Amino acid sequence: MEICVVGAGYVGLTTAAVLADRGHTVFCTDVDTDKIAKLRKGIIPIYEPGLTELIKDNQQRDTLFFDTDSKKHMAHCPVIMIAVGTPSAKDGSADMKYVKHVITAIAETIRSYKTIIMKSTVPPGTADWVEEELQQRGTRPDLFDIVSNPEFLREGTAIEDTVHPDRIVIGAKRSEAAMKVQEMYASLQTTFLLTNRLEAELIKYASNAFLATKISFINEIARICDAYSADIMEVSQGIGLDERIGSRFLQAGLGYGGSCFPKDVNALDYVASSKGVKLDLLHAVKKINRSQIDIYLNKITHALGEWTEKPRIAVWGATFKENTDDIRYSQAIALMKKLTHRGYAVYAYDPLATPELPSVIWCSSPYVAVEQADVLVVATAWHSFLEADWHKVKTLMRRPVIVDGRNALDKKNLELHGFAYMGVGRP
Ligand code: UGA
């Protein structure tokens, strides 16, 4: 199929590259001229394992093209996939301005039948709204179908998630349109859920809200573990073995961040309240996630005790999780801000990100960051942090205290090296 993917962000780029790799001809467009110029030269604007190779391979095979002229490709491709951002507006709702731009462009160019796939995460009712918008702009109803096809890939494992998805959800009004989208994914072995558009839109929000709930749940149980000096790692393993619960997303730590969970939980809350529904559980999920930073802050303050000389805190990790360069809504950064606000000197290191933060000093290596540190906080579970040279770290630090922001380090090994280890819910 000839497919026009509008939006070259994480979702658009990964989906375009995988679809091109699976035999389609894909034209990926974006309004950002600089980004497109770089992509044409094989320079990928984001860090995502395996993506650079996949894009370059398909550019060489002439199956993947990048362009700023979305209208040209919308006009000739029978399939248009909308993968633009829907960031949080100030009131928590999803900001639909980029989706609106795409709708306008489609209305201006449409001459032949199009299957329009909504890949962006959008509020329930969006597919109906897009349909009305197009018709109000004079587009004949028989010229298009709107299909809701939400994305479930994670940053850091985006290609693997796209090639081996747990399921593909297709929400359509007409079965012919659903079949067309299913045919597009024919090379992927997975379960296809064919449903209505509203349900597909809600499946996306509900999935992210449930995963965020799992994380806040385990973080709350970690607080009880702290109170009893019990080990959350054992508790988490024990409950995760129940197939009804499942072991994934039960890792206690600094809490969730990123461009999806905080935004989508807020957007679901917004649409629910617009319908007069109060989401008590999700309010609690958000509250727990916010306060998780303070739990760590208190542990650090407690470990420092009384001080005369300004304490020096080393922080490893700034991105919202490992294997990405994305710092949006990063809990690591939220913690750094609070640490500097408390008057501590913060020396930070991240393999990919060095965002400008008042009073944070960025170091050239994790080992430079820990020089003379009173506490080391591991805020992101990058593999290189988990496998650090702990002997070297211990000799460089002023006091051997480690705070594990992801409960990901080997506690026993660190204690053998003479560190005082603190996670959440770790005795
Ligand atoms: C999330 C979902 O997992 C994807 O299915 C979805 O497609 C995506 O949002 C989206 O809506 O686009 P992502 O934000 O890339 O993916 O990253 P996750 O791996 O879900 O991690 C989110 C946050 O939760 C990270 O800060 C991570 O450190 C934290 N987390 C995750 C925990 O604190 N504990 C866990 O057990 C798992």
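Each residue, glycine too, has its Cβ placed from N, Cα and C.
TrEMBL names D30, K35, T86, E155, K263, R328 for binding NAD(+). Of T121, T190, T191, the residue it gives for the same site is T121. For the substrate site, TrEMBL lists F152, L153, R154, E155, K204, F249, L250, Q251, A252, G253, G257; matching the candidates K90, K321, K337 against that entry yields K321. Contact annotation for binding-site residues (D30, T86, K204, K263, R328) versus ligand 1: none, no CB falling under 6 Å from a ligand atom. Put simply, C260 (active site, nucleophile) is 18 Å from L250 (substrate binding site) when counted between their Cα atoms.
Considering only the residues assigned to substrate binding, F152, L153, R154, E155, K204, F249, L250, Q251, A252, G253, G257, K321, the longest pairwise Cα distance works out to 24 Å. Its own atom aside, the Cβ of C260 (active site, nucleophile) has 23 Cβ atoms within 10 angstroms in the protein chains shown.
In terms of DSSP secondary structure, the domain 'UDP-glucose/GDP-mannose dehydrogenase C-terminal' (314-411) contains 28 helix, 19 strand, 51 coil.
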